[in-house]
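> Pasting the feature list from TrEMBL:
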- 1-48: region 'Disordered' (REGION)
- 18-34: compositional bias 'Polar residues' (COMPBIAS)
- 63-85: transmembrane segment (TRANSMEM)
- 97-120: transmembrane segment (TRANSMEM)
- 132-150: transmembrane segment (TRANSMEM)
- 156-177: transmembrane segment (TRANSMEM)
- 207-227: transmembrane segment (TRANSMEM)
- 316-334: transmembrane segment (TRANSMEM)
- 341-359: transmembrane segment (TRANSMEM)
- 371-390: transmembrane segment (TRANSMEM)
- 402-422: transmembrane segment (TRANSMEM)
- 434-455: transmembrane segment (TRANSMEM)
Amino acid sequence: MRRHWQWQRLCAPDSSRQDNPVESAGPSSGTGDEQGNRADGADDGETMTQGVLRKIDRRLIPLLFVTYMLNFMDKTILSSASVFGLPEDTGLHGQEYSWVSSIFYFGYLAWSYPTTLLIARLPPAKYMGSNTLFWGAVVALTAACTDYDGLLSVRFLLGVAEATVTPTFVFVTSTWYTRDEMPVRTGIYLLAFGIGHIHDSVGPWRWMFIILGGATFLWAFVLLRLLPDSISSASFLTPAERQFASDRAVVAGTGRTEGARWRREQVVECLVDPKTWFLLALELLTQIPNGGTQNFANLVIKSFGFSSLQSTLINIPYSMLSAAAIAGTGYLAGRYRQANCLLLAAAVLPCVVGSALIYARDSTSRGVQMLGYFLLSAGPAAMPLALSLVQVNYRGVTKKMTATALLFVAYCAGNIAGPQLFRSSEAPLYATAFRTIMVCYALVVVLALALRVYLKWVNARRAGEEGFAEPSSQAYEDVTDWKAAGFRYRY
């Protein structure tokens with residue numbers, strides 16, 4: 001009992017923010033000496049927590065951040081290349097550029113679930129590093145493409161390569177951090193989404209792919225050298241710190257991940273869990289707009305009357321706004337436990353307005369059109385918020401990894417569909433695309449609020465059934481959120 005109470009204090013030092021009866025449970029009586037000893041132990045534990053967390057952050061966050069930045073730069077460089085000669089040099093016409101954009105996500109979709117199984121079974125750091133070598137080589141090979149078929153091949157393989165990145169990071173974050181810490185850390189490394197869009201594209205398009213592909217290939221060796229496979233193999237922590245880090249992530253996180261095995265019953269539970277389908281719908285509806293605007297951004301800006309170079313430079317403040325939205329919502333999601341769904345709805349509201357302004361561009365000035373475009377910059381904040389909802393609301397390694405894989409199935413489906421809405425026959429206005437974007441983001445607002453209501457209802461029902469039950473030791477093992485007594489959802 002004493003050991004468990006201490007872990008509650010160590011893993012959730014800000015007691016004013018406790019919403020989970022299990023995480024805030026503690027003894028209500030005791031002698032003065034006992035209470036003094038407990039207070040001293042809690043202070044020592046909090047000091048240990050802060051020291052270990054700093055070490056973990058210093059090692060993991062830079063590795064995750066740079067990898068994610070390269071991930072988005074390699075993925076979105078196609079948009080910049082599109083205004084610097086790629087379509088002309090490779091003979092693209094009609095909807096072929098849209099299919100070059102979409103084929104990436106067919107590769108991503110094909111490898112999404114197999115890679116989640118491998119992440120849980122193989123040493124994740126070595127698997128991620130080896131995958132990054134392949135990923136960098138594929139990006140560099142894009143420079144050798146001379147026709148439509150070649151571009152389709154390398155873009156499909158790039159999708160296969162990059163399908164491993166985010167699921168691995170979800171696994172790593174769930175392994176090392178508590179539920180309170182996950183949203184902030186996810187927001188930090190997903191800041192790279194915004195920064196990854198900032199690149200100087202004034203050179204020939206082939207050099208863009210060669211340079212970024214080479215940088216990604218070399219970065220793989222850094223990952224192989226510095227990213228630990230597990231807490232128990234982390235050489236930058238002492239043996240006592242490794243044990244402490246493992247215990248705190250298990251008690252105040254979402255269960256033990258090390259040594260877990262694939263469980264069929266957890267897959268079934270994930271598929272019948274209503275919140276899974278809420279999250280899939282949210283991801284699909286946020287990624288349909290993303291798939292289009294990510295690949296057609298420079299062409300849309302150019303249609304406002306700007307040159308190729310100007311369209312690339314305009315994306316710099318756009319990317320900075322995206323980074324600010326991701327950072328701000330990530331911080332708030334970590335600071336306020338029950339604000340995630342509200343933040344998701346708030347992030348996409350400007351996008352509803354922005355897409356409406358661009359859709360009505362025939363009757364608006366160029367300045368208003370640019371305002372509409374910049375309002376779309378808040379949209380990328382939706383993805384880290386959705387990932388955070390998966391990270392903090394799913395227990396059980398197989399269930400969480402299945403939910404992650406399904407989330408990326410929806411991610412791929414949205415990004416496959418998005419570019420197809422930008423019909424070449426409607427250029428440069430793309431009326432169908434921006435009308436669809438407006439509707440998708442409006443539906444996201446409704447679904448995010450509905451998910452919040454559902455999770456609040458489930459928490460109230462479980463509180464009525466369980467009261468303030470003390471979790472058993474089994475609750476810290478590889479069991480799901482449905483079976484973990486005292487588990488409460490974040491919304």
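Here the Cβ of each residue, glycine as well, is placed from N, Cα and C on the backbone.
Any TrEMBL annotation is an automated prediction that lacks curation.
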> Between 63-85, 132-150, 207-227, 434-455, who has the most Cβ pairs under 8 Å to the transmembrane segment (371-390)?
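By the under-8 Å Cβ criterion, the transmembrane segment (371-390) pairs most with 434-455.
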> Any chance the transmembrane segment (341-359) and the transmembrane segment (434-455) are in contact, meaning at least three CB pairs closer than 8 A with a sequence separation of 6+?
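As far as Cβ distances go (cut-off 8 Å, pairs 6 or more apart), the transmembrane segment (341-359) and the transmembrane segment (434-455) touch.
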> Would you say the transmembrane segment (402-422) and the transmembrane segment (63-85) are touching, if the rule is that at least three C-beta pairs must lie under 8 angstroms and be 6 or more residues apart?
no
> Quickly jot the same-chain residues contacting the transmembrane segment (97-120) by Cβ under 8 Å, restricted to those at least six beyond its ends, or write none.
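That would be 75, 78, 82, 87, 127, 148, 151-152, 155-164, 167-168, 171, 257, 260-262, 291, 295-296, 397-398, 401-402, 404-405, 408-409, 411-413, 415-420, 422, 424.
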> For the transmembrane segment (207-227), could you work out the same-chain residues 6 or more beyond its ends whose Cβ comes under 8 Å from its Cβ atoms?
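Residues 59-60, 63, 66-67, 70, 73-74, 77, 80-81, 84, 125-126, 128-130, 132-133, 135-143, 172, 199, 201 contact the transmembrane segment (207-227) from elsewhere in the chain.
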> Give the nonlocal contacts of the transmembrane segment (402-422) in its own chain as ranges (CB under 8 Å, at least six residues past its ends).
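Tertiary neighbours of the transmembrane segment (402-422) are 95, 98-99, 101-102, 104-106, 108-109, 112-113, 116, 159, 163, 166-167, 170-171, 266-267, 270-271, 276, 279-281, 283-296, 299, 383, 386-387, 390, 394, 430, 432-433, 436-437.
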